[in-house]
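Colleague: Would you mind keeping the following structure in view while I ask a few things?
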């Protein structure tokens, strides 16, 4: 993986010509995003036709319920909150060349920790302080969970893909064990944690149902983007990602940086879990695993680990999943079609980027 | 406690372990070949699901288990073809495409199952076993290991066949070179893309077969998301095995025993949540890694698309 140069859109355009170039660049980027999405919708539409569903009706519902209706867009924006945190965590890891594929385990443990601690905290302290404490504990637990893969990678060179994948299997099971045995709500027969009262959850924005977690998520991903592109610390991490051996020769403390990367990445995944619980869900049910992490990984790649582009792609993912869920309900298609749609969008976007790259190369040559 | 360690219980436990291990073994062997050739195949979960679904459909309509295995392997190959085209020929990011394929096949197989069977889950008849004379007479082990479906023995034989291919044949060397230094292979006049395509398609066939085994022999039916992470376990096994097929076999059996223990404990009425037992194999491997963790010997060019003339 190479270091991306600072994206052109982020460069300050001072003179007029540069401004024109930037605008053309943005237009180009938009075209290269919307075009493939339309192509993907057509391909997915053929699948819908094949199973006897009217694709136009389906997409109509997706658009209406995911984007245009007030309730739909609010749900979409709410769904973005945990995804943004996860994407932020992955950006740090991937830019530093570390394959943290254990996001789901870290997410769930963060969620379970938040669900266990928040109802206890609200009884002894004001709600805002309780929320902050829950966030911090959730982050700390997720960080701790990543310590073993981090240490193994930093000092033994054990490949982190294996260790984080195994830790995510372990974490998923551990989260279930905790919910079923340790922190189960004695008041219900269903195995789940105590429910955080709605008035103690993260406040909603203005008069909407959008969680304020969205703002936290946006703040997280923009901070991460700026730290990675504008600070010395970010530069160090990108050097480690580009060439770990060169980083050692440059005098960087690679083991410590490795541990820091894992801690930040896992901590953000833990916060993603916490923001979903404290803002939306209120409790964790046994065997609950939304597996957001798996869908966010390709999104971060397509955004080329650029925080702002990732926000756009996360928004797209949310529209598709929220809209797809209700379209499926209305038309009697199983919700699984959303997965197919997301998959086709990802593949066509990747293909379009390749074709664009090839075209630019041949034009330059 | 006598009931727990009775002969019947132990052989049922072992039998279950072998049944649970075979899909993991096939997935692990397949992933190993891809990784050897330098392709990190994260789409293997999707290939297994395609195999499980098509394998089940094939066996269900034809009534022949073998035809089911064939269609299952075909399903895996079909997904692998997409992967080979996009990641080997064109050189798209293997992680993006792999995850996209896994997500897509999760959705597609569940969707097709819904439209085909609605909410019913038809079952296949119990499988015929091949009894190996003499050996099957051994108490406990005989019942568990030597009264299995023929494909189980073939899968174990495949472990040694793979070992032979990697150590003794030109193809094995080519695969290794494609993963470690593709440019060298190219200079030697051997097509890197072709070598890697062979590896990815073989992975597809093995993963599809593993999925078909999981559905047809292991469960006897198809339910959406039936693989439940088996493909990712295959990736873990392949990476832990460091290129040696026999280690994949041992790893698969370890995980198989733990999966089988989960069911056996429930049958025996011991009240430990299944999640605790499911954690055991991962805990064991993590502890092993902490104690003996050494630099993993992964192929140098793993995950990097090969483009001629690019440094």
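Using N, Cα and C of the backbone, Cβ positions are placed for all residues, glycine too.
Automatic, uncurated: that is what TrEMBL annotation is.
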Colleague: Between the candidate ranges A:104-128, A:204-228, where does TrEMBL place the transmembrane segment annotation?
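Modeller: Based on what TrEMBL states, transmembrane segment spans A:204-228.
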Colleague: Pairs of Cβ atoms less than 8 Å apart decide it: which stretch in A:80-99, A:161-183, A:292-317, A:337-355 has the most with the transmembrane segment (A:259-280)?
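Modeller: Looking only at A:80-99, A:161-183, A:292-317, A:337-355, the most contacts with the transmembrane segment (A:259-280) come from A:80-99.
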Colleague: At a threshold of under 8 Å on Cβ distances, which of A:204-228, A:292-317, A:337-355 pairs most often with the transmembrane segment (A:30-50)?
Modeller: A:337-355
